[in-house]
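Here is what TrEMBL says about this protein:
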- B:9-28: transmembrane segment (TRANSMEM)
- B:34-56: transmembrane segment (TRANSMEM)
- B:63-82: transmembrane segment (TRANSMEM)
- B:88-106: transmembrane segment (TRANSMEM)
- B:113-129: transmembrane segment (TRANSMEM)
- B:159-179: transmembrane segment (TRANSMEM)
- B:209-230: transmembrane segment (TRANSMEM)
- B:250-272: transmembrane segment (TRANSMEM)
- B:284-309: transmembrane segment (TRANSMEM)
Amino acid sequence: MLAELLQYLLSGLTIGAIYALAGLGFSIIYNASHVINFAQGEFIMIGGMASATLTASGVPLPLAILIGCGGAMLVGVAVAKFAVERARKASTVTLIIITIGASIFLRGVAELVWGKDFKRLDAFSGETPIQLFGASLQPQSLWVMGCAGVLIVAIGLFFNKTLTGKAMLATSHNRLAAQLVGIDVKRVVLASFALSAALGAVGGAVVAPITFSYTEMGIMLGLKGFTAAVLGGLGHGPGAVAGGLIVGVAEALGAGYLSSAYKDAVAFVIILAVLLFMPNGLFGKRGTERV
Amino acid sequence: MNRILHGRLTGLAVLGAIIAVLPVFLTNNFHLDVAILAGFNAVVCVGLNLLIGYAGQISLGHAGFFGIGAYASGVLVGVYGWPPVAALLAGAAFVGVLAFVVAKPILRLKGHYLAMATLGIGIIVSIVLRTESGLTGGPDGMMVEPFKIFGVELYGEKAWYWVVGVLLFGVVWLSLNLIDSPMGRALRAVHGSEVAAEVVGVDTARFKVMVFVLSAVFASVAGSLFAHYAGLITPAKADFFKSIELVTMVVFGGMASTFGAVVGAVVLTLLPQALTVFQDYQQIVLGAILMATMVFMPKGLLPTLAGLLPSRRRA
Amino acid sequence: MNMLTSHEPSSDAAPTARRPGPPLLRVEHLSREFGGVLAIGDLSFTVAAGDIHSIIGPNGAGKTTLFNLVTGVYKPSGGRVLFDGADVSGQAPYRLAARGMSRTFQNLQIFFNMTALENVMVGRHLHLDTRLLPALFRFPSLVRRDSEARDRAAQLMTEVGLSRYIGADADSMPYGALKRLEIARALASQPKLLLLDEPAAGLNATESREIDEVIKTVAASGVTVILVEHDMKMVMGISDHITALNHGRKLAEGTPAEVAANPDVIAAYLGAAP
């Protein structure tokens, strides 16, 4: 019984870590530009596809991940520069459609480059499960959780300890004031896209051995990431991480105890339930409208 | 005062004329088929535009309502032997009640939170349709019986063209009427400034719920008829991408413009057909066009074109 | 007939002879805090029917918060608001509007997605047929009343001096005109009580004087006015009664002369500790 529960928790935390990274990506971009970047899932896909295909053609794994990461960052900056930045004054819906356009575009390019079939990436350190109180843990899960953990801590340090990070935070609190004290707000937006893309791409690479890579892998992962970000309260970094883990674990429990067919619905049922009572997510600020 | 009235009647006349004359140029069934699909999309988009364009409330889940309408007809007629009209009405009633129940709490949300919630509802609907394969046939979809009314079967593209044409004309007429009425102004006021609308007596929550229900019912009716026309429906008709497609049509054509919604639906229904010549590049081109139009024409096609003309009416 | 003075028969009983009118609005021990900071504290005052009652105070005194509390935009943390004899504390703004309250905003709240005339027509919302089916099918009765509302709105715009903007889109109008547009919209609902939040802010001297005239005409027609304004010349010139606030509390009240002579008020305005 307990072993079963532990098993579900472990697999939930594994996928939850990916949702957390994606959710963090949503939040970082939202903070810098108030844009919901529906192409976030495509960054994950790029990371997964690049590392799988590059290693298959003989590139060492760390280098493959690095290349995938760099590629995703370039793509992220391009999306920010050529689409989002130009439409700054557009309405929320318009911006949503722009990023969705970007995601369709990127999937199209990915299909052209990599084809439509599933790509396999070997687990980083073998596939001998680790036995843990009766549950078995894939070593790759450790990689996923470990990498996500390190990245999340690094992001936290970046925003709280470095000047660039603080400048980005300041921009999210008050764009105009940030501009007045000399922060280059445009570069902050570009940096936020690059950072989110890197997070997504690493997530995609480490999760690829578990899920396989294919050009449409980013769709659901992206949407779940959005759910994680909203669940935690848009723009709230730690909230997004918590949201991702909650969604991942709830999904695993739901699939295990209720119905595996409705696994994908769990995240959305949770978010609806939470928004009913907390319209700004779990940790979001409750603002009083100024009139 | 005549400006809106003027725009209303000329617009309707132009639309009616186009619908009436178009079959002359649509020489084969494939062309008619595309026109019919465009018509179905336009019906949904006109309703969705009331919600998004006029009342300013986003929905990323409207395909869910379209899908419920479609499957209500498919299941009730095919499995339970209901008359198609009864199934259509039952589907619309069910969607109306569902939309009413979810609307009140959901429409308190703003911006991206509302986007998230509506997206969630749409996805849940499509997952249910995909999973309950006993009734719905699962991911492969289900066959739907032809539409019959008073024992007469609606058959062939020609007949369907006229049905959809009349439906679209009617929906546009209703939408134009609504916009130019006290309730329509209240809806637009909700978009302009909720607090200002409240202090002159507009119960904003009530009107948001009403327009949400109305647009959902439009989608359901279109879905029901579409199911009978297509003969085969799949959960893809209710999924996230269909929802996005619908919203894109509205925004592409021009928000807060009924005719813009029609134009957006028509153009974006034709576009993939035209893009088939690009074959492997189809998605790339589609994505690029979406981005480019939104970046360079954030107001959408029709308002941008209208803005190029010397200042005249805004339909 | 002057639109500003035209009322539904029921609300036509406004007294012509001034003072002391019966209280129309009574605020009792009202308070509101935001995250532990008291924006309004234990505030009580009464507004007599037919008066022009001004609320003054330095920036941050809580004037706009008070408006938001009275009109239901914010819910009070404590105390009561009585309007026309009924306890209306915490009621939604649209319910208060139906009881005869309307207001303008310090930061413009214009429906920029509509024409100027339509903005004012939204003000007639409570007096029109706002049901769905008559709207969808364009019932003749609805159309008739709607075109009456259109004429009425146009007349109101003329009376606040906006005749040349009747055909304009709201987003094409200058700031000063938008301020008047808000007044016209508020008047269109035929309120018993009109709350004006800095109607002259950002206007030049001539425009201010014109607004001044508009307010006097409105008041003369029997509408009670509560005015928040920094333009002291205007406040002293047209108010029947003044309540001065500082830090969310009542500092002084009385006639313009009394308040102007009050040492606490003078100190607060000069920035000295009261």
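Glycine too: its Cβ is placed from the backbone N, Cα and C atoms.
For the transmembrane segment (B:159-179), the partner stretch with the highest count of Cβ pairs under 8 angstroms, out of B:34-56, B:63-82, B:88-106, B:250-272, B:284-309, is B:34-56. Counting C-beta pairs under 8 angstroms (sequence separation of 6 or more), the transmembrane segment (B:88-106) reaches the transmembrane segment (B:209-230) with 3 or more such pairs. By the count of Cβ pairs under 8 Å, the stretch nearest in packing to the transmembrane segment (B:34-56) among B:9-28, B:113-129, B:209-230, B:250-272 is B:250-272. Relative to the transmembrane segment (B:113-129), the listed stretch B:63-82 leads the set B:9-28, B:63-82, B:209-230, B:250-272 in CB pairs under 8 A. Count of Cβ pairs under 8 Å against the transmembrane segment (B:250-272): among B:9-28, B:63-82, B:209-230, the largest is for B:9-28. Using a Cβ-Cβ cut-off under 8 Å and counting only residues 6 or more beyond its ends in the same chain, the transmembrane segment (B:63-82) has close neighbours at 44, 88, 90-92, 94-95, 98-99, 121-126, 129, 135-136, 142-145, 216-217, 219-228, 233, 235, 237-243, 245-246.
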